[in-house]
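Record features, source Swiss-Prot:
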- Asp54, Asp93, Glu123: Mg(2+) binding site (BINDING)
- Asp54, Ser55, Asp93, Lys121: 3-methyl-2-oxobutanoate binding site (BINDING)
- Glu190: active site, proton acceptor (ACT_SITE)
Amino acid sequence: MSSYLQEARTKAVTIPSLLAMKERGEKITMLTAYDASFASMMDTCGVEMILIGDSLGMVCQGHNSTLPVTIEDVAYHTACVARGSKTAFVMSDMPFGSYATKEEAFKNAVKLVQAGAQMVKIEGGAWMADTVRFLTERAIPVMVHLGLTPQFVHQFGGYKVQGKTAEAAEKMKSEALLLQEAGADMLLLEAIPASLGKELTELVKMPTIGIGAGPDCSGQVLVLHDYINVFPGKKARFVRNFMEGQTSIEGATRAYVAAVKDGSFPAPEHCF
């Protein structure tokens, strides 16, 4: 076990500390959680960031997409997670339909911040720049989600790898820079070629978190039910079962943190 995991974290994770991690080349770990007990365990295991994802619609509520999730759903689970986490950085998804206008986005983001979120995550490209600016100017930190954005599943025609053409890759790069200029603090990259994940991470100052975006992102994220192998159905390529060789979920969580920190996850078989 690495010395990182042997030492309990005493200081709260912050946006400046996450940026400092990118600058010194230390990988950031993020996992999803939906209740206080899992949040507390992840915090104890050294996970830097906990995401209350709209993935709760699929893994908790049993829907076949994230689209039915409401702002009230996310706020409820955010409050649960915030009570359990002591030092990890807590971030919440803005669910489908909750940020159609910048004013509506602010109103709903406030609900999540009041529930305990320290940052909100929104999906979308250049057209979200005004919303990002509107939120950050009003003291709400924002992570922007590019690549495979699940709320756009019907437009994509399914869950497909994005950014595979030179044109699509260049568009994503320009959008990342535009959103950073608008005030975005972090960038989540999902299901894109590993080479593009590397280029985007080098291009922007803000930390990047990857899920199926290669090993060169500033950090990685997985969904709770995926890394402990309890979500039924076909597993995405970027998922690894960290329960293998472990006797507890805590052990699996520590194994995930160690694998991200030492660069062994994601491996080539988890990348596009």
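Just so it is clear, glycine is given a Cβ too, placed from its N, Cα and C backbone atoms.
Under a cutoff of 8 A between CB atoms, and with a sequence separation of 6+ in the same chain, the neighbours of Lys121 (3-methyl-2-oxobutanoate binding site) are Leu51, Met91, Ser92, Asp93, Met94, Val142, Met143, Val144, His145, Leu188. It is Glu190, among the recorded positions Asp54, Asp93, Glu190, whose Cβ has the fewest other Cβ atoms within 10 Å in the structure shown. The CA atom of the residue listed as 'active site, proton acceptor' is located 11 Å away from the CA atom of Glu123 (Mg(2+) binding site). Cβ proximity to the Mg(2+) site centre (mean Cβ of Asp54, Asp93, Glu123, cutoff 8 Å) flags the following additional same-chain residues: Gly53, Thr66, Val69, Met94, Pro95, Phe96, Lys121, Ile122, His145, Pro150, Gln151. Taking the Cβ of Ser55 (3-methyl-2-oxobutanoate binding site) as reference, residues of its chain lying under 8 Å away and at least six apart in sequence are, in sequence order, Thr32, Thr66, Asp93, Pro150, Val223. Here the binding residues for 3-methyl-2-oxobutanoate are Asp54, Ser55, Asp93, Lys121. Their largest Cα to Cα distance works out to 13 Å. Here the Cβ of Glu123 (Mg(2+) binding site) has 23 other Cβ atoms within 10 Å, regardless of which shown protein chain they belong to.
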